[in-house]
Amino acid sequence: MKIAVVGTGYVGLVTGTCFAETGNTVTCIDIDQNKVNKLKSGKVTIYEPGLEQLFERNIKQERLSFTTKLSEGIKDAKVIFLALPTPPGEDGAADLKYVLKVADDLGPLLEDYTVIVDESTVPVGTADKVRQRIAAKAKVEFDVVSNPEFLREGVAVDDFMKPERVVIGTTSTKARKLMETLYAPYVRQGNPLVFMDERSAELTKYAANSFLATKISFMNEIANLCELVGADVDAVRKGIGTDSRIGKRFLFPGIGYGGSCFPKDVQALAKSAADAQYEFKILKAVMDVNTTQKTKLIDRIKKYFGGSLKGKTIAVWGLSFKPHTDDIREAPALYNIEEFLKEGAIVKAHDPEAMENVKQLFDSKISYFDSAYDAAEGADAIFIATEWPEFRTPDFEKLTSLVKARVIFDGRNVYELDVMKEQGFTYFSIGREVVNG
Ligand code: UDX
């Protein structure tokens, strides 16, 4: 099938590449000439495990191409995916300007029956808006489908190739058939294509992300309580997670959720509810907890150093919002670095993938190191913001010889308490006993 994908961000690029992988011919369209030039020259513009190999293979097989021209890119496409940004506006609602602009442009360009798919996370009613915009200028029949993606960064390729489910919102039989054909290779193991109306599909995406964010904020509150009453959140997590109604996943406490989805989507759902005259009380709590949780360790660190961080060297391990990505959008690490700098501390940072992105933000205000050990050299404390696997089993002897003091503030509960006791580190984590404090 000939497919077009408008927008080559994390979602668009993964979508385009993965659709090409099963034999479709895909053209990806982006207004950013620089990005398109890079992609055309065979360079992947994001870090996403497994993507590069698929990307190269499909370019070579001429199933994947790139252009800045919408008219050229959508020529003969049966399905056009809109994978455009929907950033939060000032009031927290998703800003639809990119989506609606492309809808306006698409109308006069359609030459035959086409399915236009909203893949971006968009408020309920967006499919109707896109339909109206296109209809205003289209001369041919078309359908607008809501097909929200559930890709997790870091495992997006796997999530796309073997989704747990694909949600497709459409009431058109013709569009449904086309989407069934398109997704058939991806759900061969028997995972479902879940069909529903457009509005329900749009809300499903917000409900999924907000529910997961709620799980995290709930566990963060349990962790905070554990600290006050002398319980261990790891034990509580295991104790509740074995109940299949609760589930083991997404119960890990830490310094809050970040990324391009959860913070924005929880806020947008709360705003959508408010617009519908409904106060979604839980979401406000979810956001409040996350805001305080992000910099929760700062007070502890200050207290540890007698109230001031002036002149203290902090090694920050991990900058991305989670492991296996270079994405730093809403990364808790950034909020903490800002606090460290405000308090007069010296920050030495290391991240396996995200340093280039962080340099653009903090420039020379902090220093960057290619290895976690180099960042730790001479540090008064190590602060762990992201649980990259390489931090899990460091050579503690080597680390001891490098740091000024054996102190770790761990925002992701990377280490077992016994290991820290054994290694003689003073160790603060989330929802657990302080070791050698
Ligand atoms: C998320 C959704 O999982 C995905 O389905 C959706 O389409 C996009 O948003 P992503 O943003 O890539 O994906 O990250 P995810 O792995 O879900 O983690 C989000 C945040 O929650 C991270 O900051 C992570 O550190 C945090 N988190 C996750 C926790 O703090 N505890 C957990 O137990 C799980």
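Yeah, the Cβs are placed from backbone N, Cα and C, and that goes for glycine too.
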Same substrate site per TrEMBL - residue from LYS101, LYS205, LYS359, LYS365 joining PHE150, LEU151, ARG152, GLU153, PHE250, LEU251, PHE252, PRO253, GLY254, GLY258, LYS322: LYS205
Annotated companion of ASP30, LYS35, THR121, GLU153, LYS264, ARG329 at the NAD(+) site, TrEMBL, chosen from THR86, THR181, THR292, THR295: THR86
For GLY258 (substrate binding site), the three-state class that DSSP assigns: coil
Secondary structure at LEU251 (substrate binding site), reduced by DSSP to three states: coil
Alpha-carbon distance [THR121 (NAD(+) binding site); PHE150 (substrate binding site)] in Å: 10
Top Cα neighbour of LEU251 (substrate binding site) in the set of binding-site residues ASP30, LYS35, THR86, GLU153, ARG329: GLU153
